[in-house]
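S.K.: If you look up TrEMBL, you'll see 20-39, 51-71, 91-110, 177-196, 202-222, 242-268 marked as transmembrane segment.
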């Protein structure tokens, strides 16, 4: 690699759905899950079921918090239309145009229907980053120099900083703060797992509530972009509309799951502590608690003095 780029090949494009970062995170968490499952036969009784349920649910929450940072479907939209393929050309093609918005940027896809048209393969996926440290306008300018198809440049231009739509700054800041709050949620998720491994279960429940709260805060941060009116993306005679995507709804579901689990743990701590300790395999044996000492040695000197 030369400065992180292959020396004789163009840099790999970021996929609209699953990119390399997402796959790496999923593989790491799947490896942890498989490692924990392999040792479950060594756990006796019902504790095996409780332990497996706790670990898998906890890993699921963790992988969702990390994965949605890299996905590009917080908002999605697509449209099928007859549109011009190249600038200054009256020739039109029938294609699917898709828009995939994530925290770090957006992907614009263009796929012909059929793919082979005009003696060309119409199948494009272009990424335009806007995260801090990245220059969206530079990526857009490079797309102009490369001669990308007109529909891709038209959609990407709507989100540039020079566009009259004026949504570039909103998306950039909202994505930045949503990502930051998600990393805080990941830290509180780690702390909650540490607390659950100690006899302070109620504090683990509190931290689980905090984790869910920061996940909801990230969703609210991203939702602030809806406060600005979105320009119409008119392609041919059709309009491309965007709506919340799978990552947004998945994070909302997991955040609510953390709230429900946290409330249940806190309630069980005050209503049925023994059941809570049994579920977390921290229930002490009552026989050991009530065990009496077999022998008691008394100093006769103190007994004789009535002490």
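Cβ from N, Cα, C; glycine included.
Heads up, TrEMBL stuff is auto-annotated, nobody curated it.
In terms of burial and nearby residues, how do these features look in this structure?
M.R.: If one looks beyond the transmembrane segment (91-110) by at least 6 residues along the same chain, the residues whose Cβ comes under 8 Å of a Cβ in the stretch are 14-17, 68-85, 117-118, 122-131, 134, 136, 149, 151-152, 155-156, 159, 171, 175-176, 178-179, 222, 233, 235-236, 240, 242, 245, 247.
Listed as Cβ neighbours of the transmembrane segment (202-222) (distance under 8 Å, sequence separation of 6 or more from its ends, same chain) are residues 61, 65, 74, 103, 174-175, 177-179, 181-182, 184-185, 188-189, 191-193, 195-196, 248, 251-252, 254-259, 261-266, 269.
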